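Undergrad: Handing you a structure now.
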Amino acid sequence: MNILGMKLFAHHKGGGSSANGRNSAGRRLGAKAGDGQTIHAGTIIYRQRGTKIHPGKNVGQGGDDTLFALVNGVVKFERLGKYKKQVSVYPAEEAK
């Protein structure tokens, strides 16, 4: 607004929403079966983004990198070299 050559400015900022104040729900990633646990074929063992843990024996990897059991057996988390980890499922009679 321009009155007599003076320009008037708002003395309060517009009442818009704040820039923060958003948060997305957690994705429920991580281990779904523990080391030494007995599971059935098809059971999800580990949900992940990217290949944080690699599939080992009798473990499949889904399109979203989820690891799941291919056979009934016992879960075993193992080291794969110095920096990598893998998870395997050993049939119950083989695990003993």
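Glycine residues also receive a Cβ, built from the backbone N, Cα and C atoms like all the rest.
Annotations per Swiss-Prot:
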type	residues	note
REGION	12-33	region 'Disordered'
COMPBIAS	19-28	compositional bias 'Low complexity'
Undergrad: What parts of the chain pack near the compositional bias 'Low complexity' (19-28), using Cβ distances under 8 Å and only residues at least 6 beyond its ends?
TA: 47, 49
Undergrad: Helix, strand, coil: count each for the residues of the compositional bias 'Low complexity' (19-28), based on DSSP.
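TA: Helix (H, G, I), strand (E, B), coil: 0 helix, 0 strand, 10 coil.
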